[in-house]
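Below is one structure, written out as structure tokens; the observations come after it.
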Amino acid sequence: MDKQVNVVNYRELKKIPYILLLLQNGVNDHDFTRISVSDLSKQMGTTPQNISKVLRRLEREGYIVRSSVKGEVSVMLSEKGSALLRNLMDLMENLLGKNITIVLRGIVVTGFGEGSYYISLEGYRRQFISKLGFDPYPGTLNVKLLDQYMKYRLYLERVPGVRIEGFSNGSRTYGGVKAFKCTISDIPCGVLLIERTSHGPEVIEIVAPVKLRDRLGLKDGDDVTINILL
């Protein structure tokens, strides 16, 4: 069955260059990022007044959330803004006839042993099943990215992914997670970008329906290639 693609109308298309500009300056959909209106205006070849006007319009129409404290402006992409970019990506995929894929490479490393606890929490597990399409093995595969692939890791911070919402069990609050569907050796998996983590940005965690170390015979130091489907 063909994938249904939501129509991106002309009014929305006019906003995309400005939203992409924000993404290029570090804005994402899970926390506020401080921006420079002056720098944005130089990058777009327009005036700071026009950029401020555009930001107010994007905020008024619900594409971004904006905060201004002591003259410093911070911006976060809203769910509506993320949805617009997803629709654009779906449209591109439909027109090009293929998926957009980002390839990451790294080596397997030992984690802190926390993955099994967090993945087993029902508040996360239910969302992995409904949003990633599989019941996860209670644990994660930790991969340390090679230096030349870190730029793609940073790119993922800036684009919409699958939002795994945080939750509270009454005694503790658990943070949200951005996920991306991916494959490792044709096994469906999910790359997790975790808001609260003890790892540095060079280490990513992979969730899958099976224990990847056992299924693929992986040990610390082994190379891994991750194909992320946008």
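Placed from the backbone N, Cα and C atoms, the Cβ positions cover glycine too.
As recorded in Swiss-Prot, the features of this protein are as follows:
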type	residues	note
BINDING	GLY111, PHE112, GLY113, GLU114, GLY115, SER116, VAL210, LYS211, LEU212, ARG213	CDP binding site
BINDING	THR140, ASN142	Mg(2+) binding site
BINDING	THR197, GLU205	FMN binding site
REGION	1-101	region 'H-T-H motif-like'
REGION	102-230	region 'Riboflavin kinase'
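For the CDP site, whose binding residues are given in the record as GLY111, PHE112, GLY113, GLU114, GLY115, SER116, VAL210, LYS211, LEU212, ARG213, the maximum C-alpha distance rounds to 19 Å. In terms of local Cβ density within 10 Å, GLY115 ranks first among the binding-site residues GLY111, GLY113, GLY115. The Cβ neighbour count for GLU205 (FMN binding site), using a 10 Å radius and every protein chain shown, is 23. Of all the binding-site residues in the list GLY111, GLY113, GLY115, LEU212, the shortest Cα-Cα distance to ASN142 (Mg(2+) binding site) is found for GLY111. Taking Cβ-Cβ distances under 8 Å and a sequence gap of 6 or more within the same chain, the neighbours of THR140 (Mg(2+) binding site) are GLY111, GLY115, ILE119, LEU192, GLU205, ILE206, VAL207.
Note on the region 'H-T-H motif-like' (1-101): DSSP counts are 52 helix, 16 strand, 33 coil. Within 10 Å of its Cβ, the residue among the binding-site residues VAL210, LEU212 with the fewest other Cβ atoms is VAL210.
When secondary structure is read from DSSP and collapsed to three states, ASN142 (Mg(2+) binding site) falls in the strand class. Per DSSP, the secondary structure of the region 'Riboflavin kinase' (102-230) breaks down as 34 helix, 48 strand, 47 coil.
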